[in-house]
């Protein structure tokens, strides 16, 4: 287990280097001269000399690898630059908004699991029954309905018409419901189908026949013998889906005016706040990679064949 | 013969597929006395395994038991409510499958899979159940039972896994053990060891054994009685000595000739086993492959009839009758 963990951590080094390189190039490939951009952010057209002076000062005339090295060094020391817009350090801006995003993502995941687990299990057990068809329809809708549309419909129904939930903003639990449902619904529908497939696969295995032949109660056969095997593919995919979740968060936060990093990033894009966009990309990559690490580790806990090394 | 512990009467299991009805098991009857061994033999796909699954009502859709009775201790298992059936499964009749790698759950420890049977049937605390399981593993001669209980199936060798499967089936001292090709996946030396252990345990527990195999060597070593299956039906059955020495059905004779012996030429059975899909029931199912087929065989399906004490054959022209007549 410890060896596996160390190996996984070691793999992270090249991944993170690649991520940093891409993020760095992002700003260099973007049209326009960063020096010009910085000077223009004050609203005044700068002189050629001023731009040249700033380029020299920022080291923009040095070769690219030197710039990258210098940038990486600063990033590693927590200096991610300052927002053009607010003038505050990017790290501070991101970290102060991250709890809101995390709260939303966790709530969406929770909602997703609460819907997907029972629906997936039941539609496998009652295959081709009405619940199964309903979940199939749900998966189709969930996969094809765009998040912004669902969000707006939910706002219209529950906040405008029924007036049971707030329209936007962050506050108590009631503020969390609509954005979390908007964010989690699509994934829930898809995961219910994945779990159903996993359950059907597991239920067809010999060990299920054996479990029944042993006279175990049906809830043990399903819950212990089938579900644990069926969860393996679900957990693997959870890591991948987290990317969708982070992407979706940007839209959902914007619709619901949720004060998280996603909304901040969108605002920054509209304002060409390059250091923040760069910082956001880097930050989200780190989060994504770390979440995948956690998912992989939980996979190890679920599957003894990986934990103990096959054939040992 | 003593009162049978298991009596199967006219058991039929069909699979309703989109191409038609597959009659996997057709009118199968046999009985099994306490402490005795009945071997069910036949080629792959002749309905042996489906018969085993049908006994415990483990056939899954599209398969369905369409008729028959399975009497165990005066109760017809096919008529039991599912809660009662659950109490019979594992406790009175246990099942061992061929491939222990797929029949043990890969993500649960051996100990848990053993102990849960005891917990489910006797309501013992887990600790106590685990102790019982460890004791049995020890009695089976498995080294380091405690360590074994903590392992996962993939960490064990094939022979070890099959011993665990066997232990799992024997934990509650069932009156009948149904073993579906329990040693087929193992190499010959391990196979011999496991069969010997099985025989010893059978004697100790006074357990009846329904052993399903396609290996006639295993039959010779283990069986008291033998039933030969062909295309879903029993074509010949009786005491193993009778059937092996005086096989009366052409299929049994061909099967015995197809066993390799040193210095003798191997005689394969010509042709293929018939598809069980839409098998005509107005003629003998062995007809296309039978060297002795005559006009009568095309007109009527033969019934299982007595040809000698205890020996039944489903053939219009059984070998003995031909010799004597």
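Quick reminder: no glycine exception, Cβ is built from N, Cα and C everywhere.
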Ranges in play A:74-94, A:137-157, with TrEMBL marking transmembrane segment at A:137-157
Region pair the transmembrane segment (A:177-195) / the transmembrane segment (A:9-30), three or more CB pairs under 8 Å:
no
Report, as numbers and ranges, every residue of the chain located at least six residues beyond the transmembrane segment (A:104-125) whose Cβ falls under 8 Å of a Cβ in that stretch; write 'none' if there are none.
131-132, 135-136, 138, 176, 179-181, 183-185, 187-189, 191-200, 203, 222, 227, 230, 234, 242, 245-246, 249, 252-253, 258, 260
Looking only at residues six or more beyond either end of the transmembrane segment (A:9-30), which have a C-beta under 8 A from one in the stretch?
64, 67-68, 71-72, 75, 274, 277-278, 281-282, 285-286, 289, 293
